[in-house]
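Heads up, the thing below is written out as structure tokens.
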Amino acid sequence: MTSYLVGLIGAGIGPSLSPALHEREADHHGLRYLYRLIDIAGLGLDAGAGGELVRTARRLGYTGLNITHPCKQTVIAHLDELSPEAAELGAVNTVTFEGDRAVGHNTDWTGFARSFARGLPGAKTRRIVQLGAGGAGAAVAHALLTLGAGHVAVVDERPDRATSLVADLTRRFGAGRARVGSAGDLAGLLRAADGLVNATPVGMAAHPGMPVPAELLRPDLWVADVVYRPLETDLLRAASKLGCRTLDGGGMVVFQAAQAFRFFTGIEPDGERMLAHLSHLVNA
């Protein structure tokens, strides 16, 4: 039986559901699969340690790694190759070891794209308002424009971060596809929008609340959230009460994990089974 040793490098990752998601799916395929957490905070290391940890993992015989905050950017300089998407996004969340080469990939954007296509089929995407321009926001905006969204307005509490992301999107997708919005513009932006995506931490158990006032929502607006703990955030609950179509963050986390699993094993995972497992884990 082939054995797989996989790890997650990041800070504060003790509550991560990745080990359970990967190992349960591996069990269904009869694989010997061990997923370890490599918490830089617990090791007393900073974000710059990611590269050395990648080299150590390769030396120890790891099959591959997942990478999360705060190492998604800092690890890049220590890899031998990047997939085109990882290079464009400037962020890596999966590393595979191919011979003597460490190759970086980004499965966050494809995770959101697959979740969106599955969960909101036929949704209008002429104009979208996105909250958040961090790592998740960069992946989400890339996915939306790749799927054919006409225009994405990016709003972030740090205007410089929104400006940087919009510049990157314009370089990749051309002028007129993305713009910087401000909190003061939200009411007007949402009146003209088909959909709203929350790509900020607001709504997580540690960051409760609403990223936008509920009165700015309307029934014909679809609403998506990248937060998955809880699956039903205050934002999605308010949107559902109005009759909006909604999309929780579970699909993004599952489908990014599924693609990483595919990279590590060469085996096609069952995404629907992984979604059911995630729901069980989150609601346990």
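Using N, Cα and C of the backbone, Cβ positions are placed for all residues, glycine too.
Among G249, G250, G251, only G249 appears in TrEMBL as part of the NADP(+) site alongside G132, A133, G134, G135, A136, V226.
Within 8 A of the CB centroid of the shikimate site residues S16, L17, S18, T68, N93, D108, Y228, Q256, the other residues of that chain are L8, N66, V253, A257.
If you take the Cα of A133 (NADP(+) binding site) and the Cα of N93 (shikimate binding site), they are about 17 angstrom apart, rounded to a whole number. Less than 8 angstroms from the CB of N93 (shikimate binding site) sit N66, I67, T68, K72, H105, N106, T107, D108, Q256, A260, each of them six or more residues away in the same chain. Summarised by DSSP class, the composition of the domain 'Shikimate dehydrogenase substrate binding N-terminal' (8-95) is 33 helix, 19 strand, 36 coil. G249 (NADP(+) binding site) sits 13 Å from L17 (shikimate binding site), counting Cα to Cα. For the pair V226 (NADP(+) binding site) and S18 (shikimate binding site), the Cα-Cα distance reads 16 Å.
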